[in-house]
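Peer 1: TrEMBL lists 45-484 with the feature domain 'Major facilitator superfamily (MFS) profile'. What TrEMBL records for 43-63, 83-103, 110-130, 136-159, 171-190, 202-222, 272-293, 321-342, 354-377, 383-405, 417-440, 460-483 is transmembrane segment.
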Amino acid sequence: EHEDSGLLLQPLLEGQKYGAAAADGTQCPSVSVSRNNPAKRDCLVVAVLCFGNFINFIDWFIVPGILLDIQKYFGLSDGKTGLLQTVFTLCYMLAAPIFGYLGDRYNRKIILGAGIFFWSGVTLGSSFITESHYRIFVLSRGLVGIGSASYSTIAPTIIADLFEEGKRTTVLSLFYIFIPVGSGCGYMLAAGMAKSTGDWHWAFRVTPCMGGLALLLLILLVPQRIQRKTAAHRALSISGTIRNVDEKPEVHRTAKTTWCQDVGSLAKNCSFVCSTLGLTAMAFVTGALGMWMPLFLYRAQVVQGIVPPCLQESCNSSNSLIFGGITIGTGILGIIAGAEAARRLRKINNTADPLICATSMFMSALCLYVALMVAQMNILSTFIFIAFGELFLSVNWAVVTDILLYVVTPRRQSTAIALQILVSHLLGDAGSPYLIGVISNAIQAKNVPSLQWSFRSMQYSFIICAFVGVFGGGFFLLTSFYIEEDRKEAQR
């Protein structure tokens, strides 16, 4: 694979730290093997990618942040309301393998830029849709999902190319912190714009401006070519050859196996398969919580008499603001805690990563179950247990991605990430918002319409999330049995 005419000659820097050794540094690290790739440049690339991820997840959660307004505006049932996020996720997951294939073979900077431009433009356009065009609004959410897929699939592989294992977990943690931060800001931005303007459509007119800035930074600060740096490439560099994966794509493409061969190889990787199923359970739970939790909290408060039913033009958005703040705080704390726990425990246990994920999934399931059970009696306790549930879920984000990056050979990483996105969303959060809404509708249909049953229908349908979380913990436990062997195989 490394003997093509397109190989570049690069000297290996003497004294360069890699892996865990590099993690001890205080400066933003770089594992560059050329004077053209200094540490400062790598830090700027990561900053741009993080900013793009931040905007990406704001767009994801604008709709849940103003869900009550949208439901009232279009006159939707719970089932049709959940369909909004389901269509978004379906388009996202179906587009991911396509971008994974392209990301392994073509210039990733161009693909990232096109994705940002596309989803920002569609988001802006969706802000002008009227109440008689619900189907067009649904379509617009699907198109935003396609644009988002290009970013989520390719950006982590660029980070993997810039940083070696050890420091890579820390940098990935920084990148994935912007999942909960962006998600929480999505709730807060949507609710704040709807409240300040009296029109929820304005919530969709802020992120396109941010997307334009992200595109400009991408063009100015991210280089056209990022070298892939792995242990194998460093060994090859001693003899004077390192591949630049984004240069001469026609040469790179011929060196690759076919997509079907890549998929077949990944299907035999037990660690990849089991961790993907564990991530699927995570996605199921987070998708349902992200879509329905503010509305569930609102219905719980109505039943307790804390707030009146929404009869005015702009509904109460305080739950979206609070839930957004919880998502940001617990997400940052959880991801940092997960990365630090992984860094420390790897030194004493080679299977620490999947065990951390399994433990956090079990704890999250327990907290969510308790939160649902106390919702009708004490809303403060509900917020507390939801916060702990989200905290334990957030522990896993960077750790799961790092597992993939060291059990899958580098030339299949974009494809592996794309497949993981496809499976986790297909069986996870693509269906969970719609499923929760459909179950809620079915329970309400069997009982006399009332505020009490409006709350209970959502409460009962939410319980499925706790059980799915337990299954997710079980899959991560299975991952721990195979991870050492698969890691050695990927290194070979």
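Using N, Cα and C of the backbone, Cβ positions are placed for all residues, glycine too.
Unlike curated records, TrEMBL annotations are generated automatically.
Because the structure is a prediction, the values reported are computed rather than measured.
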Peer 1: Can you give me the average pLDDT across the domain 'Major facilitator superfamily (MFS) profile' (45-484), rounded to a whole number?
Peer 2: 84
Peer 1: Between the stretches 83-103, 110-130, 460-483, which wins on the count of C-beta pairs under 8 angstroms to the transmembrane segment (272-293)?
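Peer 2: Between the stretches 83-103, 110-130, 460-483, 460-483 has the largest tally.
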Peer 1: State the non-local partners of the transmembrane segment (171-190) in its own chain: residues 6+ outside its ends, Cβ under 8 Å from one of its Cβ atoms.
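Peer 2: Hits for the transmembrane segment (171-190): 29, 46, 49-51, 53-66, 155-156, 159, 162-163, 200, 203, 206-207, 290, 294, 317, 320-321, 323-332, 334-336, 338-339, 390, 394, 397-398, 401-402, 405.
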Peer 1: In the same chain, which residue numbers or ranges, 6 or more beyond the ends of the transmembrane segment (202-222), come under 8 angstroms Cβ to Cβ?
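Peer 2: Distal contacts: 44-45, 47-49, 51-52, 55, 58-59, 62, 65-66, 109, 112-113, 116-117, 119-121, 123-124, 126-127, 189-190, 193-194.
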Peer 1: Would you say the transmembrane segment (110-130) and the transmembrane segment (136-159) are in contact under the rule of three or more C-beta pairs closer than 8 Å, pairs 6 or more apart in sequence?
Peer 2: yes
Peer 1: By Cβ distance under 8 Å, which residues at least 6 away from the ends of the transmembrane segment (417-440) in the same chain are close to it?
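Peer 2: Counting only partners 6 or more residues beyond its ends, the transmembrane segment (417-440) has Cβ contacts under 8 Å with 77-86, 89-90, 92-94, 96-101, 103, 149, 152-153, 156-157, 263, 266, 272, 276-277, 279-288, 290-292, 401, 404, 457-458, 460-462, 464-465.
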